[in-house]
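Right, one structure below, let's go through it.
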């Protein structure tokens, strides 16, 4: 009888962890690169965007969980195009660091800005499409191994 009770408790624990663990959020398990892609890349996105694009994307990409992110930019270009910016013109970042690079050409982007009257949990954004240069921070090259 004790073994059956232990098995039942273990099964319940596994079931509860299965429900709780996903609610911890993808943000806690993602790398910086994955976070950048989630928050800023939308290669497949329609350009120009619909007026509700930002409301939909900000929510689906987890940027309205717990609070409304005030602003965000989505880039509608292949990831390889954005990664290649790291070999283009170096500029000083807003924080004073020198690991930022400016795109040599304009890219298709959508800016999302929280409307002034909007309050969590009903995050409401304005959607503005444009073609602009972007500046991204690139990590220092890391030598992982020699073989």
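We count from 1, first residue shown onward.
From the backbone N, Cα and C atoms, a Cβ is placed for every residue, glycine too.
Since we're looking at a predicted model, the values are computed, not measured.
According to Swiss-Prot:
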type	residues	note
ACT_SITE	40	active site, proton acceptor
ACT_SITE	142	active site, proton donor
BINDING	35, 38, 69, 70, 71, 72, 73, 94, 113	substrate binding site
DISULFID	54-112	disulfide bond
DISULFID	68-123	disulfide bond
DISULFID	86-138	disulfide bond
DISULFID	93-100	disulfide bond
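A map of Swiss-Prot features onto the structure.
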residue	record	contacts (Cβ under 8 Å, 6+ apart)
40	active site, proton acceptor	72, 73, 74, 75
54	disulfide bond	72, 110, 112, 113, 125, 126, 127
68	disulfide bond	58, 114, 118, 119, 120, 123
69	substrate binding site	58, 63, 114, 123
86	disulfide bond	101, 136, 138
100	disulfide bond	90, 91, 92, 93, 135, 136, 137, 138
For residue 112 (disulfide bond), what is the tally of other C-beta atoms lying within 10 angstroms of its C-beta?
22
If you run the three-state DSSP split on residue 35 (substrate binding site), which class comes out?
helix
Mapped DSSP class for residue 54 (disulfide bond), helix or strand or coil:
helix
Which listed residue (71, 123, 138) has most other Cβ within 10 Å, given these are recorded positions:
123
Taking 10 A as the limit, how many CB atoms besides its own sit near the CB of residue 35 (substrate binding site)?
13
